[in-house]
């Protein structure tokens, strides 16, 4: 593509939006890698202490976990800066890149397997995110952090914030003790709900720092420090329950589902607080909604295929045909048709044993490495 073509592509993006785009992409790179590093640290810590998934905090003494945490902090700082330059509806969906990075590194480093439909689900999430980004609204002009506070204290957003807090409390005190170890959506739900509030506060802080560095001091306003307190509370809550989710479930599942829920709720919060759709025409809004549907379709595929073993029927058939002959294989199929399957698929265990004390976790979206004949 020649120079003029590139100019035609980027002429609609302001310099601030380009800065936000670059920062968001680099943020996804660091955050995607941090999932894998932290996962390795959690597994190592769990070998000698109480696992985070059952309430332990031995990972706090594990160096590798802290390396992952520092990597995530670098990514979050880049993400923080991105919100100061670009609208949330543009920055947040770019977290899709972290899904690809996490999935690739999980396959290489953690030896976790991802079902074919899981890969398709990730692709749908990315396509939906791109659709939203391409039709994102322009950032509104804000001259003071007090303007952001006024937006945050309007009835619509206050109702959303109260609903989020109530939902989080119900999840933490009622559902997590019973279903936290078996249903990934509860851990991720807490992280995503709190994340939507933290992003709104992070954006307010980013705007305050940006204005302060440009010569208009925003640190003198109490609203700036109120947003800071909200960020601290929300981020600490997110980290705690994200650690539990990573230690309990497959990274290849945690990353995309967390991304989809976090992105959807953050965009919803941004629409309510910053009234992004007020600056868009119906075509743009409908296209963004199609992007949401695409993302939700990806989530559905990931969730529904989490226990499927890729290639199970093929391997099963191959073993039977080659070990017992076509006649016995046909006899087995006939028996299945009359009495049901003789070999029922077993739900894969979440933790096994290998040379390091932790096997390839047979958790959602895992498949068996070998299928033995009876």
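Here the Cβ of each residue, glycine as well, is placed from N, Cα and C on the backbone.
Automatic, uncurated: that is what TrEMBL annotation is.
Annotated transmembrane segment per TrEMBL: 20-37 (among others), in sequence order.
Per TrEMBL, transmembrane segment is recorded for 57-74 (among others).
For 80-105 (among others), the entry in TrEMBL reads transmembrane segment. Residues of the same chain lying 6 or more positions beyond the ends of the transmembrane segment (80-105) and with a Cβ under 8 Å from any Cβ of it are 16-17, 19-21, 23-25, 27-29, 31-33, 35-36, 114, 119, 122, 125-126, 128-130, 132-133, 136-140, 199-200, 202-203, 205-207, 209-210, 251-252, 255-256, 259, 262-263, 266-267, 269-271, 274, 276, 288, 291.
What TrEMBL lists as transmembrane segment is 117-137 (among others). Long-range contacts of the transmembrane segment (117-137) within the same chain: residues 87, 89-90, 93-96, 99-100, 103, 252-253, 256, 259-260, 263, 267, 276-277, 279-280, 284, 287-288, 290-302, 304-306, 308, 365, each at least 6 residues beyond the stretch ends and with a Cβ under 8 Å from a Cβ of the stretch.
Feature annotation from TrEMBL assigns transmembrane segment to 157-177 (among others).
Packing against the transmembrane segment (184-208) from elsewhere in the chain are residues 79-81, 83-85, 88, 92, 142, 145, 148-149, 152, 157, 161, 164, 167-168, 171-172, 175-176, 218-219, 221, 223-224, 227-228, 230-231, 234-235, 237-238, 241-242, 244-245, 248-249, 253-254, 257-258, 261-262, 264-266, 268-270, 273, 303, 364: each is 6 or more residues past its ends and has a CB under 8 Å from a CB in it. Summarising the annotation, TrEMBL assigns transmembrane segment to 184-208 (among others).
Residues or ranges marked as transmembrane segment in TrEMBL: 220-241 (among others).
The annotation transmembrane segment is assigned in TrEMBL to 253-273 (among others).
For 285-302 (among others), the entry in TrEMBL reads transmembrane segment.
Sequence annotations record features per position, and here TrEMBL assigns region 'Disordered' to 355-374.
Summarising the annotation, TrEMBL assigns compositional bias 'Basic and acidic residues' to 364-374.
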Between the transmembrane segment (20-37) and the stretches 157-177, 220-241, 253-273, work out which stretch tops the count of Cβ pairs under 8 Å.
253-273
Spatial neighbours of the transmembrane segment (220-241) far in sequence, C-beta under 8 Å, 6+ residues away:
76, 144-146, 148-149, 168, 187, 190-191, 194-195, 197-198, 201-202, 204-205, 208
